[in-house]
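Report on one structure; see the data block that follows.
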């Protein structure tokens with residue numbers, strides 16, 4: 001069975017599964033695994049790997065509107081080189097420092113492929129789920145989309161320094177905290193904007209209608225893309241950008257935009273059904289291999 | 001560099017690392033990774049794998065004297081079979097139910113080798129560290145030692161049912177909670193009794209003197225061992241048993257034995273220096289590949 005079908009098995013067995021984080025008594029928790037062959041292109045530094053892996057889990061904490069309490073990482077590798085481990089830890093520590101979270105260590109493990117498993121723990125008394133969107137709400141995204149897609153192209157071109165820079169990102173903890181009182185639903189864009197809209201739609205039992213012209217595409221995308229269709233692919237479907245996608249009741253929109261510490265861009269409106277971009281059905285296609293049960 | 005040296009790199013970089021769990025504001029957290037080739041012998045069921053992997057992290061929570069709040073697991077595999085995932089989840093759910101912890105899901109991940117990454121989170125206002133042992137304290141262990149070594153032998157003999165049964169264990173959460181008010185130091189025996197004594201000795205800057213005749217060896221060991229030296233190897237060095245090893249001031253020993261919900265056996269005394277069994281230096285040798293920084 002494919003991963004999406006397998007996830008429904010998990011959803012059936014584990015009642016707490018099914019959002020960016022599991023929620024337990026005011027705590028939120030999430031865990032992710034990244035691999036060299038699928039997640040770290042040739043040229044990814046150990047510093048970027050640590051930053052990005054821990055950042056991915058922190059992004060899930062952000063998506064619940066929670067503050068980040070602690071993060072852990074397992075560094076699994078065929079060999080242990082002091083310089084590599086130190087660079088990796090620096091990345092873990094720096095991304096945590098960027099969002100006022102404590103990096104508390106983890107585990108080392110001998111493994112045939114460089115693999116990183118991360119966990120982040122947060123706190124909130126009022127988690128924001130994927131399930132609260134209501135027709136009429138504005139659909140918004142933080143920051144810009146397409147950076148990770150652009151990073152992949154830079155890696156492919158051998159431009160490792162710029163690629164690594166694009167591959168690191170600031171988890172939207174502060175934005176998530178600021179938006180939580182306003183947002184009716186929220187998740188991160190790790191599977192791509194298209195998939196995120198479908199997932200919010202499914203969880204909230206409503207539709208999503210967005211305008212491509214309003215989607216904030218990162219400048220880095222235009223610099224690497226070959227044509228407009230390519231730009232659209234990287235911005236809408238590629239994913240792995242770790243921005244927040246949220247819905248906000250119309251009357252709270254101005255306050256949400258005002259309070260967000262990063263640009264918050266309205267891109268459309270929650271509808272009764274269907275996920276559409278510019279009036280046409282938007283394909284539910286994106287970055288799926290990192291999907292998960294509690295932590296997708 | 002080997003794993004032990006690599007761990008010291010982590011210890012230098014991450015101040016919270018270095019005990020069974022990291023401690024953050026009344027929370028404790030730990031993460032572990034287990035692999036098919038090194039941790040799950042041929043014949044290990046997915047149910048046992050789920051139980052054991054989550055149990056290993058819960059054992060680290062127990063070692064801090066904390067209650068277990070939540071556990072997560074990542075199931076990474078070359079393919080996803082519904083029956084296997086369900087069995088795995090049943091194991092995760094059942095081991096959590098056994099210690100009153102909530103299993104909250106986790107992640108699925110495509111990977112070339114069956115690999116499980118687990119996280120457990122607990123709470124305590126008074127964590128017990130490895131560093132509090134004082135000369136004169138009694139050294140105690142919960143339950144019996146050698147079950148996992150006996151399980152491996154049963155797996156090797158193709159006796160999978162009995163092997164799986166021996167490979168599952170009840171994490172000592174209840175015992176850890178009961179012992180916490182009495183214990184001066186505590187850890188789990190996952191690296192084997194010998195290594196645990198060395199680690200307590202190092203963390204507490206003192207010595208350990210134990211008597212082999214007092215070590216509670218599981219009956220399952222005698223049933224598979226070939227001679228007395230083999231019994232000793234499985235009970236003292238093999239490890240992976242997930243019992244608690246703790247030190248208790250002499251005046252609290254009777255209360256600790258009385259309050260523990262499982263057998264608590266005194267096996268020796270904390271000394272000024274050196275780790276000795278029956279007066280002879282005890283080799284610092286055991287199950288090392290699962291060692292970690294916060295979660296070892």
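Glycine is no exception: its Cβ is also placed from the backbone N, Cα and C atoms.
TrEMBL annotations: computationally assigned, not manually curated.
Here is what TrEMBL says about this protein:
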BINDING   B:20, B:30, B:60  Mg(2+) 4 binding site
BINDING   B:20, B:60, B:188  Mg(2+) 3 binding site
BINDING   B:31, B:32, B:107  Mg(2+) 1 binding site
BINDING   B:32, B:60  Mg(2+) 2 binding site
BINDING   B:39, B:240, B:287  substrate binding site
BINDING   B:106, B:107, B:130, B:190  ATP binding site
BINDING   B:191  Mg(2+) 5 binding site
DOMAIN    B:18-123  domain 'PurM-like N-terminal'
DOMAIN    B:135-274  domain 'PurM-like C-terminal'
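In this structure the C-alpha atoms belonging to residue B:31 (Mg(2+) 1 binding site) and residue B:106 (ATP binding site) are separated by 12 Å. Residue B:188 (Mg(2+) 3 binding site) and residue B:20 (Mg(2+) 4 binding site) are 7 Å apart (CA-CA, integer value). Annotation: B:191 carries the greatest number of neighbouring Cβ atoms among the binding-site residues B:191, B:240 [cut-off 10 Å, Cβ to Cβ]. Candidate binding-site residues B:31, B:188, B:190 yield B:31 as lying near chain A, with Cβ-Cβ distance under 8 angstroms. Each residue contributes its Cα atom, and for residue B:240 (substrate binding site) and residue B:32 (Mg(2+) 1 binding site) these two points are 13 Å apart.
Taking the Cα atom of each, residue B:188 (Mg(2+) 3 binding site) and residue B:60 (Mg(2+) 4 binding site) are about 7 angstrom apart. Taking the Cα of residue B:60 (Mg(2+) 4 binding site) as the reference point, the closest of the binding-site residues B:32, B:39, B:130, B:191 is B:32. Within the model, the domain 'PurM-like N-terminal' (B:18-123) shows a mean pLDDT value of 95, rounded to a whole number. Secondary structure of the domain 'PurM-like N-terminal' (B:18-123) per DSSP, as helix, strand and coil residue counts: 39 helix, 41 strand, 26 coil. The Cβ of residue B:107 (Mg(2+) 1 binding site) has 26 neighbouring Cβ atoms from other residues within 10 Å, across all protein chains displayed. On the backbone, the CA of residue B:107 (Mg(2+) 1 binding site) and the CA of residue B:30 (Mg(2+) 4 binding site) stand 17 Å apart.
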